[in-house]
Amino acid sequence: KNYIKTSKYTFLNFVPYNLFEQFQRLANFYFLCLLVLQLIPVISSLTPVTTAVPLIGVLMVTGIKDAYDDYQRHRSDNQVNKRKSIVLRNGQLKEEIWSKVEVGDVIRMENNQFVAADVLLLSTSEPNGLCYIETSELDGETNLKCKQCLPETENLGQDEAIIGAFRGEIRCEPPNNQLNKFEGLLNYNGKSHPLDNDKILLRGCILRNTDWCYGVVIFAGKDTKLMMNSGKTKFKRTSIDRLLNFIILGIVFFLLSMCLFCTVACGIWESLTGQYFRVYLPWDTLIPPDPTGGPAVIALLVFFSYAIVLNTVVPISLYVSVEVIRLCQSFLINWDETMYHMPTGTHAKARTTTLNEELGQIEYVFSDKTGTLTQNIMAFNKCSIAGRSYGDIIDPRTGEFLEITEYSRPVDLSKNPYYESSFKFYDNALVDALEGGDKDCEGFFRLLALCHTVMPEERNGKIEYQAQSPDEGALVSAARNFGFVFKARTPNSITISAKGVQETYELLCILDFNNVRKRMSVILKKDGKIRLYCKGADSIIYERLKDGQDSIKYHTQEHLNRFAGDGLRTLCLAYKDLDEDYFLDWKGRHHEAAISLDRRDEKLDEIYEEIEKNLSLLGATAIEDKLQDGVPQTIANLAIAGIKIWVLTGDKQETAINIGYSCQLLTDDMVDILIIDAQNAADVEDQLQKYREQIRNVSATTHPQTNLSVVTF
C-alpha cells in the first residue's frame, strides 16, 4: 500500500504512550512515587490531592502540547494520503487517492503534479522518452533534472490498451534510502534491460515541463526512498530537559539525605526518650503482637513521612513554566516579521514546540558551499586552451591584468544568431582565434557542446537548456555563445551547429559522472571515427593523460592555480581516439556489467577506468559562482556570537581559501592558515602537533586574544 504515517500517536495509544514518555522526566516520576506514598494512611499526614492536582496539571499541559504537535502531523499525513492520482485499472484510467495506489499499478502523472510513489518511467509526452522533474522536496535543489525511459517502452505512448497489456518482470534492489542510486533489471519481450536512477521517478518529485508520463509503481508507502529517509518520529529531549533532569536528580538525592538524617535522628530519640511517652504516644508495629521493633518501625515510617512533607523541595512547576514558554516562543517565531521572506511570501514556521531553546545554544554550524553560501548560478568566466589563457583584460602598456568592473566592455558576439545577451566575456583574443580557424579552440568548444547530459527545448523560437547541474548548463551555454550550439539529442545521436555548420554524431555510450569518478565522458562516432570526450577534476584528468604533453600540462596547471586563486570552479577537458574493434569488444563487456545485479557500480567503474586512459589534454574551464547577498555579514555575526563554522566544498584548495576570505570565514586578523593535507591518521596527528608548537611560539609574542589560525582539511 501507498499509505504513509509520520504521526506518533493514535486515539487508543495516546494516553499510555504519552504518559510513558512524560514519566521519563525525573520530576514527574518522583511525584508519581510521592502520590503512591500519600495513598498509604499510616505514612501520610497530607491528602493525596495536594500532589495529584499539580501532577495532573503538568501532565495535561504537556499532553495537550504533544497532542497539538501530533495533530499537525496527522493533518499533513491525511492531506498527503488523500492527494489524487490517476491509476490504470482493468485497462481504464481511474482516479484514486494516493493511499490506495499499490505496487505494480501503472499511474499517469501530469505537469506540475507530485509523483505518488517510486515509479519506473514507461513513456512520456516529450520526444525520446524524456521528462523533467523538480526534486526540491528530496534534496532542496530547484534546478530541473532530466529522466528518460527505456527506448523499448517509449513507444507505449498513452494508449491505455497498449499500456494495460504491458507485461514485464522487474528485478531490483530491496527498499533503501539512497536517493541517487538504483539498480534493477527489466525482463521484457525476452530481453534484459538495465535500470538505473535515470529511469526512476521518486515519491515527492514534481513533474515539470512535461504534459504527461506513465510509470509502474516499484516501491510504495513506507518503502519509498523519501519515507526511508524520514525515519521514525522520536521523543526529542533538549539540553534544557537533560539539565533539568540532572538538577532534579541532585535535589532528590538532597531530599533523600535529609529524610535519612531525620530517620536516624527519630530512631535515636525514640530509643532514648520516646519510650517514656508510650502511654500517650504508643509505638507503631508492623506485626501487632511484636513489641520489640518499635523505634525501628517508627523511624522507617518517618522516612516516608518526611519525603511527603518535604516534597516542595522538588520544583514541579518549573516544567510547567518551561512548556508554556516553549509554546509561546513557537507562536512568536511564527509571527516574527523580521523572519519573513518577501520574495516568496514565506513566514518562519516552528514545526515543533520542543526544540525552540536549542536555537540559542547552537555551537557549531556545518554548511555546504554551493547553493547554500553561493547563488548556484554559474557563469563561464575564463578558460585555458592549448596552454594559453583567455578571459583576462590585459593593460597593453604594462602587460598587467586589469580588474573587470561594470564599466568593462564585453566582447561583441551578436554575429552569432544563437548568442545570449546575458552572456558576458571580456577577452577578444578568444573570438579572434575562433574566427581565424584555430583548431585547438574549435576542438575545445566542440567538446563542451558534446560532452554533457543537458537537454535542449525550443520555446518561442529560441533554444533553452535544461541541465541537471548548473556547471553543465554554463559550459554548454558558453559553447553556444562562441558558435558551437548544442541543438538536439536523441538516445542514439547528438546534433550541434559548429560555426553555422550542422554536425550530427552517433552517441555510442555515456560514462556517467559521480562523486567518486569526478569526471564524465561520452563516446561518439562521426565519419567512421570514434572519439571519447572527457571532462572532470584536474587531479583526475592529469592522472589519465598520455605521455609527451609536458608543455601543455605545465602551462595549464599554472592557469588552473591562478583560476583557483581567483575563487573560480575549474574543470579539465581531454579526448581520445578509439579503434573500432577495441570499442566493440569493450562495449560488449560494458553491457554485461550494466545488466548485472551484483556489484554493478564496481564493475562499471572498472570498465570505465579501462577506456579512460592515455587522454590528450585540450584545456581547462573556469566558472564563477557568486556568493548570495548577505553571506559575509551573516558569517561574521555568527563568528562574533562564538559559533564555530565548518564549510564543506569539493573545490581546489586555492579556490576554497579564496572563497573563505570572500565570505568572511577567513579574515585578515588570523595570523596563519594551517593546511592539513595528510592521508592517514598518524600523519594528520604529526601535522597538528607541528602546528600546535607554531601556535605556542606565536602566542608567546602575540596578544592572547588574537585569532591565531584556522585549520583547513
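A Cβ is built for glycine as well, from the same backbone N, Cα and C atoms used for every other residue.
All TrEMBL annotations are machine predictions without curation.
The structure displayed is predicted, hence computed values, not measured ones.
If you check TrEMBL, you get these features:
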type: DOMAIN; residues: 1-51; note: domain 'P-type ATPase N-terminal'
type: TRANSMEM; residues: 26-43; note: transmembrane segment
type: TRANSMEM; residues: 49-68; note: transmembrane segment
type: TRANSMEM; residues: 243-272; note: transmembrane segment
type: TRANSMEM; residues: 292-320; note: transmembrane segment
type: ACT_SITE; residues: ASP368; note: active site, 4-aspartylphosphate intermediate
type: BINDING; residues: ASP368, LYS369, THR370, GLU472, PHE513, LYS535, ARG569, THR649, GLY650, ASP651; note: ATP binding site
type: BINDING; residues: ASP368, THR370; note: Mg(2+) binding site
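Annotation: ARG569 carries the greatest number of neighbouring Cβ atoms among the recorded positions ASP368, THR370, PHE513, ARG569 [cut-off 10 Å, Cβ to Cβ]. Within its own chain, GLY650 (ATP binding site) has ASN515 as residues 6 or more apart in sequence whose C-beta sits under 8 angstroms from its own. DSSP places the residues of the domain 'P-type ATPase N-terminal' (1-51) in helix, strand and coil in these numbers: 25 helix, 0 strand, 26 coil.
ARG569 (ATP binding site) sits 15 Å from ASP368 (active site, 4-aspartylphosphate intermediate), counting Cα to Cα. Residues ASP368, LYS369, THR370, GLU472, PHE513, LYS535, ARG569, THR649, GLY650, ASP651, recorded as contacting ATP, have a largest CA-CA distance of 23 Å. Of the recorded residues, the residue listed as 'active site, 4-aspartylphosphate intermediate' and PHE513 (ATP binding site) place their C-alpha atoms 20 Å from one another.
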